[in-house]
Amino acid sequence: MPLSPPTRAARSLSRAVGRRISRTPAEGGRLAAVDGLRLLAAVAVAAYHYLGTPTPRFWGEDYDLPRAAPLLHAISGYGWLGVEAFFLISGFVICMSCWGRTPAQFAVSRIARLFPLYWAVVLIIVAAGTVTVLAGQRSGAPTDLRTTLGNLTMIPSPLGVDFTAGVAWTLWVEARFYLLMGVLLLIGLTYRRTTAFGFLWLVLASIGRELHSTVLNEFLLGQYAGLFVAGIALHLMHRFGPDLLLWLLAGFAWCYTLTVLDDRVAGHTGFLVLLALAGPGPLRHLQWRTLVYAGALTYPFYLVHQSLGIPATRGILKTLPGLGLLPSIGLGLLLSLLLAAVLNRLVDRKLGRLLRHHLSTALDPGRTGPNRPPPPIAPRPSPEEG
């Protein structure tokens with residue numbers, strides 16, 4: 001379909017001044033296909049934990065999964081790629097979430113999305129662990145207060161505290177990515193600046209790895225920088241349309257990732273292709289509400305499937321030994337999914353929304369700005385009225 005004269009003029013002007021015009025609305029929106037990829041990544045991670053790890057790690061010596069289901073065990077052994085797929089998807093989604101927002105609005109959206117569910121899961125894990133210890137079902141001591149409080153910050157690692165939720169280490173990686181995106185937001189989010197940011201990040205991360213600099217590698221996420229930048233590049237293609245510069249950025253990020261994780265070529269390439277189809281590619285038009293809901297369940301399911309789902313599966317195996325390992329695993333995964341749905345409904349939708357409202361109110365420019373008017377003073381009653 002030919003462009004109208006005003007549109008052609010706008011595109012010509014944008015090329016003349018070196019800027020790009022967004023082809024998507026400023027407020028963005030959920031992409032069902034990307035939510036579907038989130039679900040795929042979560043299923044891959046769960047399959048790895050339940051089916052792909054050496055069997056004695058979770059299920060004991062009595063169950064020989066590699067012998068009972070060798071193909072399933074072998075395929076599930078690649079499920080750890082799902083974690084890195086999350087980082088790739090996060091680069092896309094967080095760049096989309098940042099667009100058109102102030103740093104304060106971005107911080108509020110991340111805090112309200114992540115913390116309520118995380119707090120709920122940590123407290124459930126601590127409570128369940130305490131009950132099993134007191135009931136004599138597990139040896140050791142209940143989780144102490146220092147460990148619990150350290151985990152509630154979501155950054156226990158810098159505090160010298162072990163993670164209560166086994167998968168929570170990835171949230172510490174995500175938190176540093178949010179910090180870097182916050183810096184970009186302070187500078188100002190544009191096509192040019194975001195593209196330059198991606199190239200600069202990869203160059204500095206490469207220098208950090210070459211120098212074996214712990215500080216640079218930790219701050220710039222040396223192991224995962226390529227995944228985040230590839231996601232950012234694909235979002236820029238989705239928003240502005242693909243061009244040579246963005247393909248170079250995505251290619252640079254892909255090459256960087258493969259030099260860091262050189263034994264994972266097929267897995268990373270596969271997820272990159274899928275995200276390219278879901279973001280700037282033809283699958284971006286897919287709008288299945290089921291995928292959107294599945295995407296909403298991904299985060300709580302990811303949090304509970306290992307630290308709560310695996311103990312539940314062990315309990316099923318102990319209570320119903322004749323059921324067998326694979327049916328017990330299926331029940332454990334189903335229980336994890338049901339718990340994720342409950343947490344999504346009661347915590348994410350209600351407490352998350354409430355926290356978002358109060359944080360937005362607290363950070364409203366009318367309350368925090370330098371020219372905030374003083375609160376109104378109630379008139380004092382006259383002596384005749386008193």
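Cβ atoms here come from the backbone N, Cα and C positions, even for glycine.
Annotated features in TrEMBL:
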type: TRANSMEM; residues: 29-51; note: transmembrane segment
type: DOMAIN; residues: 32-343; note: domain 'Acyltransferase 3'
type: TRANSMEM; residues: 71-96; note: transmembrane segment
type: TRANSMEM; residues: 117-135; note: transmembrane segment
type: TRANSMEM; residues: 155-172; note: transmembrane segment
type: TRANSMEM; residues: 179-207; note: transmembrane segment
type: TRANSMEM; residues: 219-237; note: transmembrane segment
type: TRANSMEM; residues: 244-261; note: transmembrane segment
type: TRANSMEM; residues: 267-283; note: transmembrane segment
type: TRANSMEM; residues: 290-308; note: transmembrane segment
type: TRANSMEM; residues: 328-347; note: transmembrane segment
type: REGION; residues: 362-386; note: region 'Disordered'
type: COMPBIAS; residues: 371-386; note: compositional bias 'Pro residues'
* seg_contact(the transmembrane segment (290-308), the transmembrane segment (219-237)) with at least 3 CB pairs under 8 angstroms, min sep 6 -> no
* To do: Flag the pair the transmembrane segment (29-51) / the transmembrane segment (328-347) as in contact if three or more Cβ pairs fall under 8 Å (sequence separation 6 or more).
  => yes
* **Contact set, same chain, for the transmembrane segment (179-207): CB under 8 Å, 6 or more residues outside the stretch** => 18-20, 94-95, 98-99, 101-103, 106-107, 213, 216-217, 220-222, 225-226, 228-229, 232-233, 236, 239-240, 245-246, 249, 252-253, 256
* Asked: Ranking 117-135, 155-172, 219-237 by Cβ pairs under 8 Å to the transmembrane segment (71-96), which is first?
  -> 219-237
* **Positions whose Cβ lies under 8 angstroms from the transmembrane segment (155-172), at least six residues beyond its ends** => 45, 83, 86-87, 114, 118, 121-122, 125-126, 143, 146-148, 302-303, 305-307
* Looking only at residues six or more beyond either end of the transmembrane segment (244-261), which have a C-beta under 8 A from one in the stretch? -> 84, 195, 198-199, 202, 205-206, 209, 222-223, 225-227, 229-230, 232-234, 236-237, 268-269, 272, 276
